[in-house]
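The structure appears below as structure tokens.
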Amino acid sequence: MLLTLDYAEQLDKKDRLNRFRDEFYTKPNSIYMDGNSLGLLSKRAERTLLESLNDWKEHGIDGWTKGKHPWFFLSEKLGEMMAPLVGASAEEVIVTGSTTVNLHQLVATFYKPEGKRTKILADELTFPSDIYALQSQLHIRGYDPDTYLIRVKSRDGRFLEEEDIIEAMTDEIALIILPTVLYRSGQILDMKRLTAEANKRGILIGFDGCHSIGAIPHSFSEWGIDFAYWCNYKHLNGGPGSVGGLYVNRKHFGTFPGLAGWFGSKKEKQFDMEHTLTPSETVGAFQIGTPHVLSLAPLLGALEIFEEAGIENIRAKSLKINQYLMDLVDHELSDMGFSIGNPIEDKRRGGHISLEHKEAARICKALKENGVIPDFRAPNIIRLAPVALYTSYSEVWQVVQILKKIMGEKQYEKFENEREVVA
Ligand SMILES: *Cc1c(COP(=O)(O)O)cnc(C)c1O
């Protein structure tokens with residue numbers, strides 16, 4: 001029964017988030033499984049972007065304070081809309097910069113080497129851009145990254161063990177930067193536990209939320225996380241180059257920004273044009289320059305959908321549809337060289353499935369030729385992300401049938417087993 005299309009169609013009928021699918025631009029004869037790299041455009045995001053363009057057309061410079069979405073307050077407004085998704089208050093979240101820039105800002109602000117506490121703790125599976133940022137932050141302070149950046153090892157190349165991370169929290173560590181969800185294996189780290197352990201040792205801890213924002217609920221403030229940063233173009237569907245997110249726990253309000261700029265001013269003071277910065281008393285202090293308004297605007301519409309759908313409902317469907325994909329893989333593809341490289345338990349699994357296969361690169365090319373958009377991560381991972389808001393169970397069923405056909409007919413053999421420029 002599980003294996004039939006009929007079963008998938010029944011699941012679609014019972015799916016309460018099904019109604020959001022029509023809000024997105026999906027293409028006929030194409031199955032999008034890459035919402036964890038770039039979420040699809042929704043009609044609402046398109047609308048709010050066009051409205052912002054119109055504000056420019058109608059108001060010129062006055063668009064900063066007039067029009068449908070006044071630009072001067074957009075980063076704060078979006079921070080308020082995003083706060084429930086990370087479990088924070090409105091003053092603790094701002095939409096600004098990009099993931100990597102926000103990490104630079106946060107390290108420049110909160111990395112304060114002192115006495116023996118001089119090192120930064122990260123992990124060996126972390127996204128490269130984060131590592132580059134940390135290395136350069138150490139470098140400009142005169143610390144050799146080879147000595148001062150500690151990377152917790154993975155036991156199997158896929159997952160991190162919380163025990164291993166906690167063991168590495170020595171009295172030499174000044175700052176910890178970890179992902180909420182690992183970008184390859186989709187493992188969720190136990191943020192609550194890691195934060196409690198870091199707090200206990202007087203170490204500041206921050207998280208990269210790129211792969212969890214919009215996919216799973218968070219309780220950043222309740223857990224006492226010091227800061228976090230993320231991008232909004234993956235599960236949140238903010239569009240290519242969408243402006244990023246930044247969270248700073250209110251206990252750090254008043255900390256002077258490491259990278260200061262005039263948009264970090266207290267709003268009433270910004271246009272006094274003084275040469276002494278009076279920083280915002282909220283997370284707003286960590287903004288730098290003029291916000292990228294046209295890359296903020298789609299988020300207004302994109303976030304409305306999250307508010308209506310509810311992140312708890314999104315998580316519930318995400319778990320179910322990802323489990324369904326794993327079950328089908330188990331039943332249909334198990335003797336074709338595939339193995340599942342993501343955590344199996346719900347509690348440790350983020351929003352995508354990581355299928356491992358030694359021919360992964362060319363299987364991805366064959367998938368594309370068959371109208372399925374996957375995501376390849378070298379050397380051997382096919383990431384598939386059934387997205388709660390727009391992927392149907394029937395599509396997941398079809399993807400597995402297509403994979404089965406590609407393998408049965410050895411369709412992948414006509415491609416080179418090498419990655420393309422992007423993914
Ligand atoms: C996508 C992603 C990034 C990308 O950083 P940008 O500055 O937005 O290009 C960084 N870290 C992680 C974990 C990611 O998944």
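The backbone N, Cα and C atoms fix where each Cβ goes, glycine too.
If you look up TrEMBL, you'll see Thr99, Thr100, Phe127, Pro128, Ser129, Asp130, Asp208, His211, Tyr233, Trp262, Thr290 marked as pyridoxal 5'-phosphate binding site. According to TrEMBL, the N6-(pyridoxal phosphate)lysine annotation covers Lys234.
Checking the binding-site residues Ser129, Tyr233, Thr290 against ligand 1, the ones whose Cβ sits under 6 Å from it are Ser129. In the shown protein chains, 18 other C-beta atoms lie within 10 A of the C-beta of Phe127 (pyridoxal 5'-phosphate binding site).
In the structure shown, the C-beta of Thr99 has more C-beta neighbours within 10 angstroms than that of any other entry among the binding-site residues Thr99, Ser129, Thr290. Remark: of the recorded positions Asp208, Tyr233, Lys234, the most isolated position is Tyr233 (fewest other Cβ atoms within 10 Å of its Cβ). Using CA atoms as reference points, the binding-site residues Thr99, Phe127, Ser129 were checked against the residue listed as 'N6-(pyridoxal phosphate)lysine', and the closest is Thr99. The record assigns Thr99, Thr100, Phe127, Pro128, Ser129, Asp130, Asp208, His211, Tyr233, Trp262, Thr290 to the pyridoxal 5'-phosphate site; their largest pairwise CA distance measures 30 Å.
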